[in-house]
Amino acid sequence: MDPNGSRSLLSKEHLIYTITVPLSTSIILANLLIIVGIAWNRQLHNTTNYFFLSLLVADMFTGVALPFIPLMGLNRDLSFSSCLLAHVFPNFLFLAFLFNLVMVHYERFVCIVDPLHYSNLWMHRHFPLALLVVWTPPLLFASLPAFGWNDWAGPDWTHCCESSQNLTLLSNCSVNRTICCSYRRVFTDAFIYLEVYGIVLPAILIIAAMTGHVLRITRGQMKDICRLHRAVDRGGQASDQEHRLNLRYTRCVVAVSLTFLACWVPYLIYMHVCVAFLIGDSSWSSTAHIVMSCIGIGSMAVVPLVLGLANKQYTEPAFKLLQKFRDRWRRSAKAAEEVSL
């Protein structure tokens, strides 16, 4: 075993955990906050919020799996089943999160574009079927390597065991009944291309297209409202209310643009760089790529939190509960001070 390789892997794992654990904890706690808010408020118990609740659950699981996704780029000594699980399960959670995100955007897109037929959507009439649509296909696709679409019979991978970085096992792979667990053994090039350019990228483009269409519709409706105000006031100049509407729309566009830049652009950059490293011959476990992968996946997982925390109906019950605990703690502290005096 190469001691330098051992220290190298441990330093890379330490870097991954240093970046992802605080981010993962924040994502999990924020999702739990919004989930409690939806469960606490009975007025939010409807199909629309059930879809959003499913997205929050998927996002929370993505937060749990976040520290393990960058680890896919490191060669480790794992058993056959452990290697499959370490790659297939995080990939399933990520795809389920993406499918739920598309479903939530589509459901709200139809609500704005065609409100008269919104209540007759198949998703509302067959809610369990809609849940199967967003959870089952990701599971089936992510499980394809476990059903044979992998590269176990490819080149000789035993060379990575020679530089194994596991400090607790000093013997070779055959003695410990482990194999060289690498992403190239689990995911074929065709699988990677299909997932990135056949599922992930189209899903992101669909979300962006629906968001842009909603902004265009909002702009048209705002113009109609301003036109009606001018007709009522019988004046050609813009009123204060029209200025406020324009300012509100501008803020909305800026918020959507900043959200896209902060959450989606880092992931898009990471995704294309990831493909270049995965398909190419270069090692993708460098420090720069580890940082990029952690930030890219984490930034995308923040999207549902932006949608949830921006809605006061979701966060108000949780804040009220925290306020009660804080008031009770202050009363108990005050009573303790009075007793001591």
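The backbone N, Cα and C atoms fix where each Cβ goes, and this holds for glycine too.
TrEMBL lists 15-38, 50-72, 84-106, 127-147, 192-215, 252-278, 290-310 with the feature transmembrane segment. TrEMBL lists 30-307 with the feature domain 'G-protein coupled receptors family 1 profile'.
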For the transmembrane segment (15-38), the distant same-chain contacts (Cβ-Cβ under 8 Å, at least six residues beyond its ends) come to 44-45, 49, 52-53, 56-57, 59-60, 62-64, 66-67, 70-71, 287, 290-291, 294-295, 298, 301-302, 304-305, 308-309, 313-318, 321
_Can you see whether the transmembrane segment (50-72) and the transmembrane segment (252-278) are touching - at least 3 CB pairs under 8 angstroms, only pairs 6 or more apart in sequence?_
no
Long-range Cβ contacts under 8 Å made by the transmembrane segment (192-215), restricted to residues 6 or more beyond its ends, are 91, 95, 98-99, 101-102, 105-106, 109, 112-113, 141, 252-253, 256, 260, 264, 267-268, 271, 274-275, 278-279
Over the domain 'G-protein coupled receptors family 1 profile' (30-307) the mean pLDDT stands at 78
